[in-house]
Amino acid sequence: MTSEHQRLALLLFGVFVAVTLAITTWVSRNRRGSAEEFYAGGRLFTPMENGFAIAGDYMSAASFLGISGLIALFGYDGLLYSVGFLVAWLLVLFLVAELVRNCGRFTLADVVAARMNERPVRIAAGTSSVTVSVLYLVAQMVGAGTLVALLLGGEGEAARAWTVIGVGALMVIYVSLGGMRATTWIQIVKSVLLLGGTIALTVLVLLRFHGDFDQLLLTAAERSGHGEAFLAPGLKYGGDWTARLDFISLGLALVLGTAGLPHILSRFYTVPTARAARRSVVWAIGLIGGFYLMTIVLGFGAAAIVGPEAVRGSNAAGNTAVPLLALDLGGGADTTGGTVLFAVVAAIAFATILAVVAGITLSSSASVAHDLYASLRRRPAGPRSEVAVARVAAVGIGVVAIGLGLLARDLNVAFLVGLAFAVAASANLPVLLYSLFWRDFTTRGAVWAVYGGLIPAVALVVLSPVVSGSPESLFPDVDFQYFPLQNPGLVSIPLGFVAGWLGTVTSAEAPDAAKHAETEVRSLTGAGAV
Amino acid sequence: MSVVFPFCPCLGMHSSDDPWYDALASGWGESDGTEAPEAGPPVAGDVYLEVQRSAAFREVRRRYRRFVVPAVVVFLSWYVAYVVAATTAPELMARPVAGAVNVAMVAGLGQFLTTFLLTWAYARHARLRRDRAALELRWETQELTRVAQGGVG
């Protein structure tokens, strides 16, 4: 990477930061204090705006850089990620988006607590939401650090640390000053940039092969050195049975996790009605689906044009496949076109990370203030002091994420994202679905469902080869590995559902028919929705 | 349920595509109170139980479930079958179809296609078969709740 690339990329990224800071000050100029405003942006976004913002929240750097990189290195096995990430949205559309919009106010815990003894349920759901958010946040911070280290060349240890700190500081500013309204506009700007960049690169790849997708696949397969096998599953996950089970576990976590991600759920509250929430998801599915289709072209394009050897030489995990592809498509390393395209792609990747990080921070500060703080303090807090707590919580979460991001900088980004999805699917999805659809669900069932998914998911990760017992682990020198899979989903997701059922049937409390009627009527009609 | 829904004209009374905006214009919820249930106002919590038992609500719920339950079963089994096939039967997935395109590629792109199709079908079903009835129930329920809570009737 020459200094020319760096300077241009940093300049473009600086422009993005300036524009987003301007948006933050602009949208927050006269509006201060109300919870409706801070958590939900006044609930007046249109379905199209919210659809772009949802897509912006969802298409993280892990997708843009990670999936294309995996396809470039392992061929078809990378494509399995794209499919899981997209299909998950059907679950959100069918079972979650409209009903959650109708029943809740700001967070996941609102939906559950409406039917139950409020305090324990809120504390449980708040704890699991914050856990999921922090895991997801750390993944994005690590991604930002890696990207900068690659851009600035060499080791860049100090640059990496400063990037993590800088990204953390920026997100705290966006969120605590601008709330949901600023965060949403940042997501929209980022979505447009990311989709624009992806479309441009895809068109260039297809032009290179004269629009012949077949030729693109053949060239990729030939250059990969694996031949036909490159285009079929099995290169990455086709080893022993542990690897195959691990992949099934990941596949389950991906498809079931999206519906439990707190920062996605909180997006449904930014539109006025359930119908608008549904239309936002339809927009989001169109945008996200188109995006993942293009990452497939970019991945195989990188394999065919750059070649897996060059990709692996730059970054063993494949994270630089797309920037390298841009360099080549623009005309090569020493041309203006190559330099510009490379810098644009790098700046878009930065913008992506920054926007996703802001969205997650906002929803986790809502969980801290609206669920945990409001339940743990003795006297009820007013809405204004709750927002003040949320602003402080954003700073606190920023500090925690910066710290963990610095500690975990050598962990694989895609793994951390997969873990966040597994915890969301185990701890948040069972309690959400039971609350919406099960008449006899009780408070004890709700609390057990959350902890019964959360604790096994986290414990199994601690006991997995990711943390100890193998050369690639977090602590390679000790061995307390007792669970063979890297992703806990296959075990912990069923445990969450079973724990919720067990808690309900052993509960002494009789299910409240009136509360269930209220949830069911409200969720399907929108009566009494805010 | 004519007692609970004294002013329920129910399905198909507007022609516009978007009942939410119709509703804003047509002044729902501005009942003058003469249409309140004759048997005296129920307790607020009972309103939801009564609505839940009503035929109109059961119809909305039935329509929702009749689309969503089969759709979830279909897409989840199709996805799980795809993931399991990719991990346990790579030979089948590697079988060529046309040119460089093999079964795995067709199945993967098929997942994208079914996701788009189901999204379209769900949105259409909800818009045509559920939205209007749900909206009417919404205003009726809110009106009943208001009466039950002793608001200005």
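Just so it is clear, glycine is given a Cβ too, placed from its N, Cα and C backbone atoms.
Here the transmembrane segment (A:6-27) has Cβ contacts under 8 Å with residues 151-153, 170, 173-174, 177-178, 181-182, 185-186, 189, 193, 339-340, 342-344, 346-347, 350-351, 354-355 of the same chain, all six or more residues outside its ends. Feature annotation from TrEMBL assigns transmembrane segment to A:6-27 (among others).
Residues or ranges marked as transmembrane segment in TrEMBL: A:52-73 (among others).
Marked as transmembrane segment by TrEMBL: A:79-100 (among others). Long-range contacts of the transmembrane segment (A:79-100) within the same chain, counting only residues at least 6 positions beyond its ends with a Cβ under 8 Å from a Cβ of the stretch, are 58, 63, 66-67, 70-71, 108, 111, 233, 237, 247, 250-251, 254-259, 264-265, 268, 274-275, 277-278, 280-282, 284-285, 288-289, 292-293, 295-296, 299, 414, 432-433, 436-437, 523-524.
The feature transmembrane segment is assigned by TrEMBL to A:121-139 (among others).
Taken from TrEMBL, the feature transmembrane segment applies to A:159-180 (among others).
What TrEMBL records for A:192-209 (among others) is transmembrane segment.
Under the heading transmembrane segment, TrEMBL lists A:247-269 (among others).
Within its own chain, the transmembrane segment (A:281-306) is flanked in space by residues 47-48, 50-52, 54-55, 58-59, 63-64, 67-73, 75, 78-79, 82-83, 85-86, 89-90, 92-93, 97, 191, 194-195, 198-199, 201-202, 205-206, 208-209, 213, 216-217, 219-220, 223-224, 230, 321-322, 324-325, 328-329, which lie at least six positions past its ends and keep a Cβ under 8 Å from the stretch. Residues annotated as transmembrane segment in TrEMBL: A:281-306 (among others).
What TrEMBL lists as transmembrane segment is A:340-368 (among others).
Sequence annotations record features per position, and here TrEMBL assigns transmembrane segment to A:388-407 (among others).
Residues annotated as transmembrane segment in TrEMBL: A:413-434 (among others).
Feature annotation from TrEMBL assigns transmembrane segment to A:446-467 (among others). Sequence-distant contacts of the transmembrane segment (A:446-467) (same chain, six or more residues past either end, CB-CB distance under 8 Å): 112, 116, 120-121, 124-125, 127-128, 131, 411, 415, 419, 422-423, 425-431, 434-435, 473-475, 480-486, 488-489, 491-493, 495-500, 502-504.
Where the transmembrane segment (A:159-180) meets the stretches A:121-139, A:247-269, A:388-407, A:413-434, the count of C-beta pairs under 8 angstroms peaks at A:388-407. When the stretches A:52-73, A:192-209, A:340-368, A:388-407, A:413-434 are ranked by Cβ pairs under 8 Å to the transmembrane segment (A:121-139), first place goes to A:413-434. Long-range Cβ contacts of the transmembrane segment (A:192-209) within its own chain (Cβ-Cβ under 8 Å, at least 6 residues beyond either end) map to 16, 52, 55-56, 59, 64, 215-216, 219, 287, 290-291, 294-295, 297-298, 301, 304-305, 322, 325-326, 329, 341, 344-345, 348, 351-352.
The stretches the transmembrane segment (A:247-269) and the transmembrane segment (A:388-407) do not meet in space: the count of Cβ pairs below 8 angstroms, excluding pairs fewer than 6 apart in sequence, stays at fewer than three. Residues 60-62, 66, 70, 81, 95-96, 100, 108, 111-112, 124-125, 128-129, 131-132, 135-136, 138-140, 142-143, 146, 249-250, 252-254, 256-262, 317, 319, 441, 445-446, 449-454, 456-458, 461, 466, 486-489, 492-493, 495-497, 499-500, 504 of the same chain sit 6 or more residues outside the transmembrane segment (A:413-434) yet have a Cβ under 8 Å from a Cβ within it.
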